[in-house]
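This report refers to the structure that appears directly beneath it.
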Amino acid sequence: MTMEPNPTSDHILDWLEGSVSFFPSFLDDPYNNGYIHEYEIWNQNQDISNQYQIDANTNSSNATNSTTNIVAASTTTSTTSLEPNSFNNIPFSDLPKKRNAEDELSLKKQPQNQKNKRLKSRPMNESDNGDAALEGTVVRKSGGNKKGAAKANGSNSNNGNNKDGRWAEQLLNPCAVAITGGNLNRVQHLLYVLHELASTTGDANHRLAAHGLRALTHHLSSSSSSTPSGTITFASTEPRFFQKSLLKFYEFSPWFSFPNNIANASILQVLAEEPNNLRTLHILDIGVSHGVQWPTFLEALSRRPGGPPPLVRLTVVNASSSTENDQNMETPFSIGPCGDTFSSGLLGYAQSLNVNLQIKKLDNHPLQTLNAKSVDTSSDETLIVCAQFRLHHLNHNNPDERSEFLKVLRGMEPKGVILSENNMECCCSSCGDFATGFSRRVEYLWRFLDSTSSAFKNRDSDERKMMEGEAAKALTNQREMNERREKWCERMKEAGFAGEVFGEDAIDGGRALLRKYDNNWEMKVEENSTSVELWWKSQPVSFCSLWKLDKQPE
């Protein structure tokens with residue numbers, strides 16, 4: 001599918017380059033502020049406008065409030081109609097800075113009486129591009145750097161469902177609105193502020209600002225097919241580190257382990273309902289687990305009354321690598337590093353459990369071309385489809401690849417289908433403009449980053465950076481076409497499936513698993529018990545549902 005171009009965003013780089021001479025180098029590396037100090041706009045000796053008062057004598061315990069207030073000041077002061085060069089009047093010293101040794105030395109040399117000034121934003125009554133003007137408040141700047149400020153405030157998880165504390169979104173979303181509306185001055189201003197606050201080792205807000213800034217500059221850049229520099233993803237890592245990091249993530253977060261647990265229990269439930277225990281079990285794996293899901297399933301299968309089936313076939317549909325270098329078309333969490341092979345280890349483990357396992361991989365096989373022949377299914381086996389976090393990559397407009405694929409699955413006559421997906425609104429260009437879609441992507445990534453803040457206590461963890469870098473693909477992937485659980489259920493019914501009630505083992509197992517994790521995670525079971533949802537801080541993250549063939553389709 002080819003995405004519809006956005007005439008405004010397609011040409012935005014042209015007018016950015018024509019207006020600001022240093023934007024090309026800034027877009028190439030938004031975190032290298034070496035370029036910035038070469039330009040007069042960043043002269044720290046500029047006179048401070050009378051509308052500001054400065055107070056730099058604040059300790060790091062107020063870092064979170066400091067940043068929030070700076071956001072309020074910067075969004076407020078940028079809501080008025082700006083002249084072409086009006087951003088030159090915004091002093092660099094008003095922004096929280098990434099200090100180096102020189103900066104710290106210069107601060108120490110400042111006269112003591114200059115540390116007691118106070119910075120306030122003037123009150124504004126108008127908003128621009130749909131962004132509500134924020135009431136100006138006292139801006140308190142941390143005496144330390146962002147990293148220290150973040151440590152002083154812990155993981156900032158208390159801001160998970162508090163819009164006022166989620167300051168990164170208050171910068172990213174208005175910037176996307178400004179890009180959509182073609183407001184050059186506002187884009188400039190917000191990109192500068194984001195550049196100063198972005199950090200991959202800060203709290204969830206700082207990390208969201210970092211990934212969001214990369215995504216926005218990536219959107220503005222002409223080289224949109226390349227992966228933004230500095231991001232660690234699955235494909236950029238070494239296979240052993242990749243597998244180790246996945247296992248660690250499953251241990252610390254239920255983001256994937258919870259739906260996998262429900263799916264495994266559902267497969268056993270479907271298998272137990274089959275009258276013939278001597279049939280081959282064939283699992284069609286369309287997921288993102290990279291093999292991590294199956295060891296616990298094989299163990300449970302070996303303990304099953306009557307023993308495991310005589311043969312277990314696992315057909316893994318790997319994500320197509322034809323777009324491996326095009327982040328705009330790559331489903332998050334779907335493509336591992338080159339050389340990653342979990343088959344040998346899984347086969348050895350199955351042998352130790354006396355489970356006769358066969359693994360077949362379908363590489364470079366798009367879901368749109370999947371059929372019974374390519375899967376090699378037969379009527380004398382028990383086929384169960386496990387589709388997790390991959391089907392939202394299929395187009396749901398014209399052509400409606402999503403509904404067609406579900407009908408293909410129906411034609412294979414599986415005994416059960418487990419569907420797990422993100423529980424959120426669509427972000428594609430057909431369901432809204434760039435600003436609308438971007439705000440939904442940011443919301444998704446915030447929940448991921450906020451939850452990993454609680455899971456990974458080490459801010460410099462490479463494992464956490466890899467998982468978050470992979471999740472951040474959602475900000476740039478043009479095929480992130482999610483839908484709410486209700487819409488997915490409607491599609492499944494239209495394709496000829498009927499919802500199946502989860503058994504007690506699946507429900508109780510899911511609840512028991514969540515007790516291992518942060519208490520902000522919760523599980524919600526729908527009234528008819530055919531769908532289970534995973535929530536983080538009272539907000540939906542994903543759902544898992546169980547389906548069988550509707551014997552009497554309407």
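Any Cβ shown, glycine's included, is placed from N, Cα and C.
Within the listed segments 281-285, 311-315, 431-435, 511-515, Swiss-Prot records motif 'VHIID' for the stretch 281-285.
For the region 'SAW' (471-548), residue counts in helix, strand and coil come to 26 helix, 25 strand, 27 coil, using DSSP. The residues of the region 'Leucine repeat II (LRII)' (331-373), classed with DSSP into helix (H, G, I), strand (E, B) and coil, number 15 helix, 6 strand, 22 coil. Sorting the region 'PFYRE' (383-468) by DSSP state (H, G, I as helix; E, B as strand; all else coil) yields 46 helix, 14 strand, 26 coil.
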